Each structure stands twice: as structure tokens, then as C-alpha cells.
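> Can you keep this structure in mind? I'll have questions shortly.
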Amino acid sequence: MAISSSTSGTSSSFPSRTTVMLLLFFFAASVGITDAQVGVCYGMQGNNLPPVSEVIALYKKSNITRMRIYDPNRAVLEALRGSNIELILGVPNSDLQSLTNPSNAKSWVQKNVRGFWSSVLFRYIAVGNEISPVNRGTAWLAQFVLPAMRNIHDAIRSAGLQDQIKVSTAIDLTLVGNSYPPSAGAFRDDVRSYLDPIIGFLSSIRSPLLANIYPYFTYAYNPRDISLPYALFTSPSVVVWDGQRGYKNLFDATLDALYSALERASGGSLEVVVSESGWPSAGAFAATFDNGRTYLSNLIQHVKGGTPKRPNRAIETYLFAMFDENKKQPEVEKHFGLFFPNKWQKYNLNFSAEKNWDISTEHNATILFLKSDM
């Protein structure tokens with residue numbers, strides 16, 4: 001369509017410079033300039049962690065605009081008021097049975113969500129973390145997850161917040177029985193009766209599935225068949241071909257296997273939020289400072305671009321975790337922090353948030369990146 005220019009008083013087929021700039025601005029906005037895609041999980045299993053107020057200040061100082069917490073800690077919620085930090089709020093596994101009672105779920109939402117909205121920006125409610133019907137430690141809780149999810153969602157809807165706050169649950173990848181090649185990804189047969197109804201519910205309310213994805217553990221359990229560069233995003237060439245799709249890193253292969261598993265469970269429309277991912281700096285095989293820094297910095301740059309199966313779609317991702325936590329077990333679990341408890345950056349990395357105005361791509365977003373200044 002021709003745009004008239006008034007500079008000469010006659011019609012022209014060429015737009016003015018001002019018009020072009022305006023069009024570029026609105027086009028850039030239309031293709032997805034959004035908040036940073038990367039957040040950081042705030043675990044609190046340490047006896048030497050900074051006061052909550054200092055932690056929130058550190059998030060803000062570091063331009064980390066999204067957070068995940070694992071229970072409705074009152075001090076954290078109070079400190080988040082007015083911070084503009086978007087939050088994944090966890091429902092502890094220990095609360096699941098109680099929340100199968102609709103009245104209890106309504107009270108939980110009233111106390112922990114309504115009481116803080118909208119000065120706290122709740123993004124998701126994660127109802128349970130890594131529940132598995134085939135894990136002896138959590139199997140007895142599996143029966144409570146979906147009823148609790150339904151009741152929390154109903155309470156959120158009764159509050160009129162269903163469009164602002166989505167309800168989900170966080171899984172780990174042990175529920176995926178086959179992951180190679182990624183297109184053959186499928187959930188274990190013995191978890192389908194648990195997981196399929198959850199997938200159906202998430203699809204019906206248009207909520208994403210939360211998934212904790214750790215290439216570190218996959219590599220550490222099988223270093224003979226998986227190369228370290230493939231796990232760290234440093235492979236210079238394709239490692240795995242899956243039809244026409246080439247995989248240069250384990251993260252993409254893992255996530256695409258999950259997408260394939262969801263398709264086989266009638267959940268192909270679901271988005272996946274990577275609710276945890278990280279690499280330890282000590283405590284076990286391949287857990288080193290250099291590997292941690294390499295993985296995290298590459299992950300943050302990588303997730304703005306999607307996977308081979310779902311390209312050009314930023315992947316909302318939460319790094320695990322903000323601090324080393326000295327009360328966790330086993331030893332390796334103590335060393336996932338991006339910061340030491342004294343608030344020093346473990347990797348001497350510089351967090352920054354900036355707009356990406358490259359309109360040549362379809363996935364423009366505000367990118368939170370890690371840049372080493374070592």
C-alpha cells in the first residue's frame with residue numbers, strides 16, 4: 001500500500017523517514033519485544049543466606065526480573081511488593097493433600113495470592129514439584145496433584161485472576177521413558193495414567209507445563225556416550241541428526257523429546273516453561289567452576305532462539321539457583337548457586353537486561369544475558 005508524503009505536496013509511493021521509523025517501531029513491538037526470558041530460582045535451604053530484603057535488592061540490582069520460590073514464604077512475598085519481579089509461586093509437596101479440599105485451596109489462595117496481588121506480580125502457581133508415581137519418595141502424593149491443581153485454579157478463577165495467573169505443576173524428565181531420537185520422545189507407560197489427565201487439564205486452561213531440565217545430570221550419568229561439549233552448548237557441529245533436524249546441544253534434544261512426548265499424550269499445544277536448569281560448580285563429576293560458567297552463559301543466550309522442533313520461539317527459563325545452599329543433600333546439590341551466600345557472584349559474571357531490536361527475527365525479546373568479564 002502506498003503511503004503519501006506531504007514533503008513535496010504531491011503523492012509519492014515512498015514513505016517519509018518519520019513514517020518508516022514509526023513503522024519499524026510498531027513492527028518491532030508486534031513481533032515480541034517482551035520482558036527478559038530468563039529468571040532465577042530462589043532456594044532457601046541454607047543457614048548462611050542473606051536476609052530476604054537483601055536478596056530482593058540483589059535481584060533488582062542484577063536486573064533479574066523473574067523469580068521462582070518453592071513455598072509461600074511471607075517474608076519473601078512482603079519484600080517482593082512493588083519490585084516488578086514476576087514470580088512462580090510454589091505449592092509445597094507437603095500441602096498437596098490438604099489442597100484437595102476446595103475450601104482449603106480457597107483459603108490458600110486468599111492468604112498467599114489475593115493478599116499480595118497486585119503489588120506482587122504472580123506469573124504461575126506451581127502445584128507440586130517433581131512428583132512421580134514411580135518414585136518411592138513421592139508416589140503417594142501423585143493422587144493429590146491434579147485435584148489440588150483444579151482447586152487452586154478454581155480459587156484463582158473465583159478471584160478473577162485466571163488470565164493473569166496460570167496454574168501448573170513442575171515435572172522432571174524421569175517421566176520421559178524414551179528421549180532418543182528427540183522425535184521419538186514418549187512418556188513412560190507407567191506414568192501415563194498420572195500425567196495424561198494433568199496434560200489434558202493444562203490444555204483446557206491454556207497453561208504451560210513446567211519442566212526441570214538438567215543436561216548436567218544426563219551427561220554425568222552417561223559421559224561415555226554423551227560428550228561434554230554437547231552438554232555445554234560448545235559443540236562446533238551437529239552431534240545428533242533426527243531426520244532433517246540437527247542437534248548441537250543436549251538441552252535442545254531434551255526439550256524437543258519432551259515436546260514429542262506431549263504430542264503423543266495429546267498435549268501438542270502446550271508450551272513448556274523450563275522451571276529449573278543449572279550446572280554445579282563442585283561436589284561431583286564434571287561439576288566445576290568453568291563448566292558452570294560455560295553452561296549458564298550459553299544457556300541464557302541460547303533460549304532466546306528456540307529449538308530445532310520449535311524454532312524462533314523464546315524459551316522461558318529459570319536458572320537454578322540464586323545461592324549455594326549448604327543444607328541440601330547430596331553434596332553436589334549444595335553448589336548450584338550463581339552467587340555465594342555473601343552475595344558475591346560465583347562466576348564473576350555480569351547480569352544485564354537489554355532490548356533486542358533486531359527486527360530480522362521473529363523472536364525479538366528483552367534478553368537477560370550473562371557476560372564474563374574475567
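Using the three backbone atoms N, Cα and C, a Cβ is placed for every residue, glycine included.
Sharing the features that Swiss-Prot gives for it:
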- E130: active site, proton donor (ACT_SITE)
- E276: active site, nucleophile (ACT_SITE)
- N63: N-linked glycosylation site (CARBOHYD)
- N350: N-linked glycosylation site (CARBOHYD)
- N364: N-linked glycosylation site (CARBOHYD)
- Q37: pyrrolidone carboxylic acid (MOD_RES)
- 1-36: signal peptide (SIGNAL)
> From the recorded positions Q37, N63, E276, pick the residue whose C-alpha lies nearest to the C-alpha of E130 (active site, proton donor).
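Minimum Cα distance from E130 (active site, proton donor) across Q37, N63, E276 lands on E276.
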> Among the active-site residues E130, E276, whose Cβ has the fewest other Cβ atoms within 10 Å?
E130
> Would you count the other CB atoms within 10 A of the CB of the residue listed as 'pyrrolidone carboxylic acid', including those on all shown protein chains?
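Result for the residue listed as 'pyrrolidone carboxylic acid': 22 neighbouring Cβ atoms inside 10 Å.
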> Within 10 Å of the Cβ of N63 (N-linked glycosylation site), how many other Cβ atoms are there?
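The answer is 15 other Cβ atoms.
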> Between Q37 (pyrrolidone carboxylic acid) and N63 (N-linked glycosylation site), what C-alpha distance do you get in Å?
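The separation of the Cα atoms works out to 12 Å.
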> Can you tell me how far the Cα of N63 (N-linked glycosylation site) sits from the Cα of the residue listed as 'active site, nucleophile', in Å?
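Approximately 19 Å lies between the Cα of N63 (N-linked glycosylation site) and that of the residue listed as 'active site, nucleophile'.
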